[in-house]
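Colleague: I'd like to ask you about the structure that follows.
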Amino acid sequence: MPIIIDKDLPARKVLQEENIFVMTKERAETQDIRALKIAILNLMPTKQETEAQLLRLIGNTPLQLDVHLLHMESHLSRNVAQEHLTSFYKTFRDIENEKFDGLIITGAPVETLSFEEVDYWEELKRIMEYSKTNVTSTLHICWGAQAGLYHHYGVQKYPLKEKMFGVFEHEVREQHVKLLQGFDELFFAPHSRHTEVRESDIREVKELTLLANSEEAGVHLVIGQEGRQVFALGHSEYSCDTLKQEYERDRDKGLNIDVPKNYFKHDNPNEKPLVRWRSHGNLLFSNWLNYYVYQETPYVL
């Protein structure tokens with residue numbers, strides 16, 4: 001089934017070229033089907049790239065989704081045209097009186113700051129509080145997951161000596177959890193972060209369950225409130241070349257950046273990346289949408 005997006009959204013052309021089923025709002029409104037309302041709070045500076053990554057995954061399900069893109073009103077985005085935000089994005093103030101079936105809170109390149117130092121932290125806290133009573137299930141990604149764990153449960157983040165950067169093997173820690181339906185015992189996911197949350201802190205919170213972690217990369221998947229809150233510390237949504245672009249960007253800036261681990265063939269940046277996370281990335285998002293959004297949400301929000 002399709003995702004419903006604005007007919008002029010630039011990501012639409014990319015998705016159609018990849019045979020991702022998209023539908024315009026005009027076409028959807030002629031169908032007698034209630035689409036799931038999904039909000040994406042896009043905190044990334046590379047907004048259009050992140051749009052395509054997430055829409056690619058949530059569009060690969062049998063569900064019809066009405067997608068609403070959100071940006072932070074209290075933060076000035078310097079890497080995206082204001083025209084793009086005006087045309088395709090809303091703010092929390094625009095939607096705070098609505099209810100949503102699902103919400104995705106993305107990562108953000110602010111993890112070396114304390115949460116309180118982030119210029120939009122107060123606005124983000126209001127959105128996370130709103131999600132507890134107005135959203136059926138919220139999926140938090142990377143820094144968004146760290147922010148959610150801190151705000152809702154007081155779980156701290158800690159600086160790493162070196163950036164966690166690459167594609168890492170993870171192990172399923174809980175069996176018979178719907179979010180992991182169809183997962184192999186071992187699976188891969190990308191990570192790109194300078195901070196971590198610790199397994200010991202997660203296990204001290206009785207409302208949280210650790211679902212998957214990595215010996216090298218640490219905590220990856222955590223669930224809370226019986227699935228109303230999902231936290232993914234990795235980046236299962238990443239495209240095949242995202243880590244490559246991050247590596248080349250930092251290298252060209254003269255930063256001391258290592259080659260992402262387990263990513264390029266033979267760990268040689270002149271070789272093509274090896275994509276080993278795509279199937280489980282699709283599975284993660286489809287399981288979240290099916291079991292924690294579609295199966296749990298009321299017909300009338």
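Think of each number as a place in line: the chain as shown, counted from 1.
The backbone N, Cα and C atoms fix where each Cβ goes, and this holds for glycine too.
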Colleague: With Lys163, Arg249 listed by Swiss-Prot as binding substrate, identify the candidate in Ser137, Ser192, Ser236 belonging to that site.
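Modeller: Of Ser137, Ser192, Ser236, Ser192 joins Lys163, Arg249 in the substrate site that Swiss-Prot records.
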Colleague: If the substrate site is taken as the center of the Cβ atoms of Lys163, Ser192, Arg249, which further residues of that chain fall within 8 Å of it by their Cβ?
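Modeller: My list of surrounding residues reads Phe165, Leu243, Glu246, Tyr247, Asp250, Ile257, Pro260.
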Colleague: DSSP secondary structure for Glu111 (site 'Important for acyl-CoA specificity'), reduced to helix/strand/coil, please.
Modeller: coil
Colleague: How far is it from Arg249 (substrate binding site) to Glu111 (site 'Important for acyl-CoA specificity'), counting Cα to Cα, in Å?
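Modeller: So the Cα of Glu111 (site 'Important for acyl-CoA specificity') lies 18 Å away from that of Arg249 (substrate binding site).
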Colleague: Run through the Cβ atoms and count how many others sit within 10 Å of the one on Glu111 (site 'Important for acyl-CoA specificity').
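Modeller: Its Cβ has 20 other Cβ atoms within 10 Å.
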Colleague: For the recorded positions Lys163, His235, Arg249, which one has its C-beta crowded by the most other C-beta atoms within 10 angstroms?
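Modeller: Within the set of recorded positions, the most crowded position is His235.
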Colleague: Starting from the Cβ of Glu237 (active site), draw a 10 Å sphere and report how many other Cβ atoms land inside it.
Modeller: 28
Colleague: Just checking a number: largest C-alpha distance across Lys163, Ser192, Arg249 for the substrate site, rounded to a whole Å.
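Modeller: With Lys163, Ser192, Arg249 as the binding residues for substrate, the largest Cα distance is 15 Å.
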